[in-house]
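Database features, via Swiss-Prot:
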type	residues	note
ACT_SITE	44	active site, charge relay system
ACT_SITE	106	active site, charge relay system
ACT_SITE	132	active site, proton donor
ACT_SITE	161	active site, schiff-base intermediate with substrate
């Protein structure tokens, strides 16, 4: 059973746009201090479409090697089934327990196409797999019927990350949660609400930057619902809204670099936030307690 807070990791970069592995170590150290339960490299926040297969493999391996025993949820998404299969086999070869797979993107698949993609990739390796529903970026919804079909046919399909932001859809799929299938919320501002109706946890971008998300989860798990609610309203939401003033996911990169004194970079076509956007983010960053 999977639960808790999983961080959809940024992929720290130098000013030349290449992956900065020293900054990645700093990120993982921070995440360990925050108390996250999982590391999700090469997801949407990690800008996986911008990296070659070799770059993805190297980064996944690095995170695995430096994970500090935190569970790694490896992103294997691609518009190519062949690449997703290759990445899946690689994650199994290096001992990563969990993969995360979204639909193919750019060319919009129908349900049969989507089933073929998922079933082929799921079958390519024996390690566990999480379905990733993010229609606003992939262009395709993963239907409730397809979720049911995949979980029925493949025993290694262990959960879903739903980043649709549609609580009606989330409320429908939550009924599929059981001891063998977990459901995670992918939108930070919906975490408290989702936990309240039975979510297993959250895959939350703000956990790259601050302990707000893990604090919320721990207070909720301890039964301190009013404390958890106040963290959602007073801490999580203002920071999320400030960061999302910038084009996704540039605000998360800027905030991480700023909080850690790193002169980081942005791989084209991503650009850094504007001066006004930075000011709004900076105002919220000053509220985050400093590490002791």
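Any Cβ shown, glycine's included, is placed from N, Cα and C.
Quantities reported herein were computed from a predicted structural model and do not represent experimental measurements.
Sequence features annotated in Swiss-Prot and their locations in the structure.
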{"residue": "44", "record": "active site, charge relay system", "DSSP class": "coil"}
{"residue": "106", "record": "active site, charge relay system", "DSSP class": "coil"}
{"residue": "132", "record": "active site, proton donor", "DSSP class": "strand"}
{"residue": "161", "record": "active site, schiff-base intermediate with substrate", "DSSP class": "strand"}
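Residue pair residue 106 (active site, charge relay system) / the residue listed as 'active site, schiff-base intermediate with substrate' shows a Cα separation of 20 Å. Between the alpha carbons (Cα) of residue 44 (active site, charge relay system) and the residue listed as 'active site, proton donor' lies a span of roughly 10 Å. Other Cβ atoms within 10 Å of the Cβ of residue 106 (active site, charge relay system) number 8 in total over all chains. Annotation: 132 carries the greatest number of neighbouring Cβ atoms among the active-site residues 44, 132, 161 [cut-off 10 Å, Cβ to Cβ]. Note: the CA-CA distance between residue 132 (active site, proton donor) and residue 161 (active site, schiff-base intermediate with substrate) rounds to 5 Å.
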